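Going by Swiss-Prot, these are the annotated features:
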{"type": "MOD_RES", "residues": "6", "note": "phosphothreonine"}
{"type": "MOD_RES", "residues": "13", "note": "phosphoserine"}
{"type": "BINDING", "residues": "172, 173, 174, 175, 176, 177, 178, 179", "note": "ATP binding site"}
């Protein structure tokens, strides 16, 4: 006789509604689960193991089906530690892929790969969830317009502009200002575009993730007193997590970003740090599943895995996801399959320079090494393109002359070269900019500089309009008018000292 599920015990109704299997084998984070004939779960379905270990501690492990082995067995990868599991334990097939909370309630919170909040602020106030596995948007829904994504950061907008709905690689070592640049981008997209950001820490160091969270609270990007005012949702899969969690945490972050784009129709900024660790986790899982390794020991499905993530990051007619991905290059070998596969998807690269950071020029974006496919006259217009090329030529000439200056001094240069060096030094300083998120540390107010203002400023420097002004006037200012005002102040100060 069938018991009415509305009156029956909830545990019984769960068993009725879901297929129940048993653990047949455990090898590290990989579980083989036997199901009754005809009750096999689909690939990517979530499986949940609940019970108690030998010490009586509660166990709640979520896994994801990766392979159907035959003989009514499936192979699944655990999203958390498998300590305490044993053969014969009950496994519930949830009937769907992993689903995570989405929407405005996720802002200001830190989540793990399963979408569970981990920053002790109580449960997430949303009933809306979304599966982490989805198809990329259909061709008919894509917005193929090539448009610039204005960041308000002069060096980025002028020399290596970001594409709306594009993918940007962020290359930078420790201590060159990567975190501050990320936070400023999060702040600016919220103010200028009414957009939000999602940060996916893939294989992050726990300390780095904690530092980022603390700095975001300090700079106002996260407002714990009023979470609705926060501008970012954080999703972390740390280095100590099993490979399954590190492989899927990028998809969790992307799913949250997709909801803001498709349902809220917003422009979204998605940060992935580090995209290499996503590949690395996939490689570990591939080996655990017994697949034959490909070149340099990577998984044979490397391109497909990367493509399934990257193709979902795009502009649609409703909104856009612009992604900034930190890229680690193993042993500085750009031909390594992991970075080589990543490069195929990037529209722009932002390279941070330790030399510029040492000079105190922030953001320390290298103007000559950073590139963008958007810097073409037909996309950005003739004036922008010509200005950017002249700025690069001036800086390149200054770089070539630096050895001569170091050995012989400025006096040995021709009049033309001396002028080039003077303008290049002004340009170098004018590429610096005070950030909103650094106000609490520097005391100087942040500046958002529109693209038209940026182009006007650099054109005036290149034309020789400001050859008479001191180079200090161009350091850490917003637009060119602030530089002229600063020059006047410097002149008055020097007169008063005399």
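Numbers here mean position along the shown chain, with the first residue as 1.
Just so you know, glycine gets a Cβ as well, placed from its N, Cα and C.
Because the structure is a prediction, the values reported are computed rather than measured.
In the three-state DSSP classification, residue 173 (ATP binding site) falls within coil.
Residues 352, 357, 364 surround the recorded ATP site, their Cβ atoms falling within 8 Å of the Cβ centroid of 172, 173, 174, 175, 176, 177, 178, 179, which are themselves excluded. Looking only at other Cβ atoms within 10 Å, the busiest spot among the binding-site residues 174, 176 turns out to be 176.
In this view, residue 178 (ATP binding site) is surrounded by 19 other Cβ atoms within 10 Å of its Cβ, with every protein chain counted. When Cβ atoms from all protein chains are considered, those within 10 Å of residue 179 (ATP binding site) total 18, not counting its own.
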